[in-house]
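Residues annotated as active site, pros-phosphohistidine intermediate in TrEMBL: H115. Under the heading ATP binding site, TrEMBL lists K9, F57, R85, T91, R102, N112. Annotation source TrEMBL lists domain 'Nucleoside diphosphate kinase-like' at 1-137.
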Amino acid sequence: MSRTFAMIKPDAVERAISGKIIAKIEEAGFNIVAMKKVQLSLADAQAFYAVHKERPFFGELTEFMSRSPIIALAMEKPDAVAAWRKLMGATNPAEAEPGTIRKEFALSIGENAVHGSDSDENAAIEISFFFNHFEQV
Ligand code: CMP
């Protein structure tokens, strides 16, 4: 069993579709081991996305991620990182496969409804950014 980290981003929480996204997560067989709704400050978003700080979209990304609440989830499934990336679909919704969350719900490459870890190592880092050990069941 392995874990990954997911976020439901401000665009999706604002549109009140977080329940639909969580339903898809559960229907796909993920076990949610931690979940909370939080408002990131700009500094929080800059820290979370520090690996992207040299990218041209860093300012846009961190302002977007701190404009309204997000839902953070830690979830478990065999090969969880790859399984969640498959269910999310491509970063750019124009390239996302039918049936994926981003194909159905993302507005643009920036406001793309959900985030997912890209490796087991980053999943552990991202889960511990949001959850301490007793918040994970
Ligand atoms: P995420 O999986 O959260 O990781 C980094 C995020 O940067 C990505 O999803 C996108 O939301 C965002 N991103 C990537 N490329 C661009 C881009 N060209 N313009 C704006 N945002 C982007």
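Backbone N, Cα and C atoms are what each Cβ position is placed from, and that goes for glycine too.
Curation does not apply to TrEMBL; its annotations are automatic.
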Rounded mean pLDDT for the residues that make up the domain 'Nucleoside diphosphate kinase-like' (1-137): 98
Greatest inter-residue Cα distance in Å for the ATP-binding set K9, F57, R85, T91, R102, N112: 21
Same chain, 6+ residues apart, C-beta under 8 Å of the C-beta of H115 (active site, pros-phosphohistidine intermediate), given in sequence order: F5, A6, M7, K9
Secondary structure content, the domain 'Nucleoside diphosphate kinase-like' (1-137) (per DSSP, counts of residues): 64 helix, 26 strand, 47 coil
Neighbour-count leader, CB within 10 A, binding-site residues: K9, R85: K9
